[in-house]
């Protein structure tokens with residue numbers, strides 16, 4: 001049972017503020033992945049320049065995922081203390097600071113460069129962790145009648161700009177500045193910052209004025225009980241399994257592609273196509289969530305990836321076909337998991353708590369996925385065992401989807 005506080009959250013925005021808020025949400029979404037996806041294609045350059053081993057660089061790539069797992073639960077506490085708009089604005093500034101620090105040039109023996117690289121990457125992870133959690137709750141509050149549509153829109157932008165970043169970051173690093181290649185620091189700076197200053201300004205403009213003045217969220221008893229709520233764990237499991245699928249593929253798909261005989265360039269294209277088709281999968285979700293099928297959508301969507309994974313195992317030469325199925329399923333399941341964070345909560349405060357809990361669990365699983373996938377490849381010197389792991393994850397995702405699709409709510413005293 002809820003006990004209202006002295007102040008209540010403002011009603012959803014109306015009129016011209018809706019358009020500005022939608023633009024702000026879109027700009028924020030466009031900046032949620034480029035700082036992360038741009039790192040992978042530059043791994044070789046960074047290793048050559050800094051002397052870091054491949055194993056160490058792999059750990060560096062996992063730092064943002066670990067940060068997401070550790071700091072996702074903090075987002076709900078901060079938003080209740082300072083308000084969601086202020087916390088998200090602060091997180092955008094943290095993301096900007098991390099991107100700048102990561103690209104600082106080294107001094108003397110290069111130690112400062114490596115320290116900045118690690119610290120900047122960690123700070124980027126912290127900033128994005130908070131944004132990841134707050135976006136579903138903000139959509140729930142500001143666009144209550146269009147949750148699935150707005151979620152699909154910002155998920156598509158997230159995936160699309162992430163894909164663009166991974167595709168252009170290497171060419172940018174080869175641009176000549178003063179007769180020398182610009183290098184990985186400049187490339188990460190350009191792709192990481194991108195539209196970030198515009199997102200900060202747009203978010204500030206959309207939330208200034210009395211309509212968006214800070215108000216405390218209504219107090220709810222048992223809000224900390226989100227960690228013992230069975231519905232919350234279903235959403236967390238769905239988020240974790242789909243995240244594991246995405247990061248296993250985005251990390252190892254290029255290597256799998258080259259193992260089929262494709263060139264390094266074509267393998268990179270395969271990864272970009274995978275992410276771009278994730279965008280298409282995200283956009284398609286609102287059309288899937290119609291009528292009676294809405295309840296079964298979380299369980300049905302992974303079927304495309306199951307077919308794609310089995311295809312990679314049996315006919316790897318047709319990888320271009322399987323990438324299409326994997327990308328569509330990956331984008332749809334991501335949008336579905338974010339939609340569940342809003343749909344399985346009765347208000348934006350519960351949605352924020354659910355988002356923080358489920359993303360903390362989800363990204364912890366996601367951080368383990370690529371490591372286990374790679375370890376199986378190293379042990380067997382092949383891809384069947386690794387792809388079998390992916391297949392198990394997808395089957396579990398389907399089973400969890402059956403139960404997560406039921407129309408129940410977290411922290412619901414009527415259950």
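We count from 1, first residue shown onward.
Heads up, the Cβ atoms here are built off N, Cα and C, so glycines get one too.
Note that TrEMBL annotation is computational and uncurated.
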Q) Which one of these stretches, 24-42, 271-289, shows up in TrEMBL as transmembrane segment? A) 271-289
Q: Out of 1-20, 321-340, let me know the one TrEMBL marks transmembrane segment.
A: 321-340
Q. The transmembrane segment (296-315): which same-chain residues, six or more beyond its ends, come within Cβ distance under 8 Å?
A. 238, 242, 245, 256, 285, 288-289, 321-326, 328-330, 332-333, 336, 340, 383-384, 387-388, 390-391, 394-395, 397-402, 404-405
(Q) Cβ pairs under 8 Å only, please: of the recorded stretches 53-75, 184-206, 271-289, which one is richest in them relative to the transmembrane segment (111-135)? (A) 53-75
